[in-house]
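Notes for the one structure printed next.
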């Protein structure tokens, strides 16, 4: 290890991590999980990568993943010729992320049959599920433009409001993007999937403000009223991003041999940042990130359309403004202080969220006094949170915090232990309208499959790396 591995956990979350390590050593984990080594070992392996600075960090929702554990944050010195970029440090769903849209509606406005009607309208308008085709027409020329320009393309085409990009991380566009570095196969997959939600843990939820912790910050975000209706969208770059990652991993195998990069886990395949392979992956990954922002923008367009259909009102009359949009899987060039010296770093965040503090130049003007909004999606049927970044987080975690609850059971374990009918019935009993393309897959996303999101949030709060603003409760869930 070149640097320490630091894990942010409380006692209960630590027990889960240690149990995972114990089970693996004893050979008792299910065959479905055998491709991934325990998260604790993964965090330690990342700490041995060339060019890493300060520490390999793991957020409270950490669990095992491909190469990097999910919840891992790692930064690499751009001025170090040995420093690397790793697709495993970003993930296959590049710029999987979350956005929150507020409204001026209240829970009373969406009671009873209206709630079901809204859920049905969202399900009808937003394509969901594995391999589903897009609801937004897209030519190859359109695709190249949006891969380069991000949300600006959606604004030009009428799928986003001009103001939306101001409330997106990076203003909804990575300037390091180059569509020419995205393979034909990746583009082919992306052409049919613009404006689609996908499956797995992706969702569109109607939520209501359940609790306000920071009145000032909530008011500035426009979500300060208990019972206020919001919409949360969670999805990413779909098949295009997956193909970009797959392509890069194949290329980097050869680059590692050429440059004599020695790894303790093959899933950490990487390339020197300054190498041709490293530069081209960064450019392709950035383009895939732009696709994800446009995808969430298009789904926002479809969600606004669905609400207008049900309430027979224009979406701006319902104050359907974007609160913020954050990435959960990304690598970005950022400025940070390390050992008292400002450095240009390539920060990998995999299953973690940027959380910049007040007065940071890269967050919107209207949030300068409170810090960057941080959107934390819960599990299906459980609460979500809005946080803000802190100065302590900027100093200790490269301005990063958690991204969700984090899996406690593998997908295979969930399918074995849980019954999908019971999961669906429990949601209905809790007053949550549910529309799902593949009912049998809901067990994989049941609350029992995940850690307690409240424990995760509270751990971040106590550590001081982010602060709670609002808790949101779901009243309708749309899934693949």
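For all residues, glycine too, the Cβ spot is worked out from N, Cα and C.
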(request) Could you look at 22, 167, 202 and say which one Swiss-Prot places alongside 93, 96 in the Mn(2+) 1 site? (result) 202
(request) Measure the Cβ-based neighbour count of residue 234 (Mn(2+) 2 binding site), defined as the other Cβ atoms within 10 Å of its Cβ. (result) 25
(request) Give me the Cα-Cα distance between residue 234 (Mn(2+) 2 binding site) and residue 379 (GMP binding site), rounded to a whole Å. (result) 11
(request) List, in sequence order, the residues of the same chain other than 93, 96, 202 whose Cβ lies within 8 Å of the centroid of the Cβ atoms of the recorded Mn(2+) 1 site. (result) 97, 198, 200, 201, 234, 235, 236, 237, 238, 292, 328, 329
(message) Need this for a regression test: binding-site residues 328, 403, 406, filtered to those with Cα within 10 Å of residue 93 (Mn(2+) 1 binding site). What's left?
(response) 328
(request) Using Cβ-Cβ distances, find the residues under 8 Å from residue 328 (Mn(2+) 2 binding site) that belong to the same chain and are at least 6 apart in sequence, listing them in sequence order. (result) 95, 96, 97, 98, 236, 349, 350, 351, 352, 353, 403, 404
